[in-house]
Amino acid sequence: MVLIRVLANLLILQLSYAQKASELVIGGDECNINEHRSLVVLFNSSGFLCAGTLINQEWVLTAANCDRKNIRIKLGMHSKNVTNEDEQTRVPKRSTFVSVAKTSHQTLGTRTSMLIRLKRPVNDSPHIAPLSLPSSPPSVGSVCRVMGWGTISPTKVSYPDVPHCANINLLDYEVCREAHGGLPATSRTLCAGILEGGKDSCQGDSGGPLICNGQFQGILSWGVHPCGQPHKPGVYTKVSDYSEWIQSIIAGNTDVTCPP
């Protein structure tokens, strides 16, 4: 009888834990502390704004819609409640924007990405390291990793204390054209998600990276609300199309023309 009670109590505890775990994340899990060394947080006096990616010791790449006044950038952070010894905070020196032709989609403007030069270079540390620009575009069907401090509920804002990561698939661009009306026939964007739904980037993840086969291939641009709907994948800026332009800006060639 005692054994039966013990087993019953263990079963209740397991069910309780499983229920809490399913409520904590939407299609993702807490990132390993060592897998997001390039992930940065953009914030100001109003609070958390966006994510971004450190691409070298002085430059961060993020989404243009993350542009705000008095931005500060935190690097090396994992938990909002427990400070890493090597966390660093920087302010922008200047920002340069990637611009594209405006489409009929209401959520798309003329600016897609923001390249931020830091006022001071970042110091090397165990939890901070840049993620280099891609050498080639990703292939449809690739399994990609999304990460960020965005909301973990598809219907309400519920920001986690630690970044969450999820694996999603790189889809054909036509899937996004069918899912989101008004997209042009060709685009410098990537389409990524899970067709069955349940895994997705969400509010607050904007500007964060899409990492495919270890390469920084996309910047989260926008998606639908609620997040994680079936057949409603997210849209990401295609980093490989802008790699040469970004490298020219970093090298000091401010007159270089952005790809059309």
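Glycine residues also receive a Cβ, built from the backbone N, Cα and C atoms like all the rest.
Copied over from Swiss-Prot:
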- Cys31-Cys165: disulfide bond (DISULFID)
- Cys50-Cys66: disulfide bond (DISULFID)
- Cys144-Cys212: disulfide bond (DISULFID)
- Cys176-Cys191: disulfide bond (DISULFID)
- Cys202-Cys227: disulfide bond (DISULFID)
- 25-251: domain 'Peptidase S1' (DOMAIN)
- Asn44: N-linked glycosylation site (CARBOHYD)
- Asn81: N-linked glycosylation site (CARBOHYD)
- 1-18: signal peptide (SIGNAL)
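Residues within less than 8 Å, Cβ to Cβ, of Cys212 (disulfide bond) and separated from it by at least 6 positions along the same chain comprise Pro138, Ser142, Val143, Cys144, Arg145, Leu170, Gly218. The C-beta environment of Cys31 (disulfide bond), restricted to residues of the same chain at least 6 apart in sequence and closer than 8 Å, consists of Leu39, His78, Met147, Val162, Pro163, His164, Cys165. With every protein chain in view, the residue among the disulfide-bonded residues Cys165, Cys176 whose Cβ has the most Cβ partners within 10 Å turns out to be Cys176.
Sequence-distant contacts (6 or more apart, same chain, Cβ under 8 Å) of Cys191 (disulfide bond) comprise Leu170, Leu171, Asp172, Tyr173, Val175, Cys176, Pro233, Gly234, Val235, Tyr236. The shortest Cα-Cα distance from Cys50 (disulfide bond) to any of the recorded positions (Asn81, Cys202, Cys227) is found for Cys202. Asn81 (N-linked glycosylation site) has Asn44 as its nearest neighbour among the recorded positions Asn44, Cys66, Cys202, Cys227, going by CA to CA distance.
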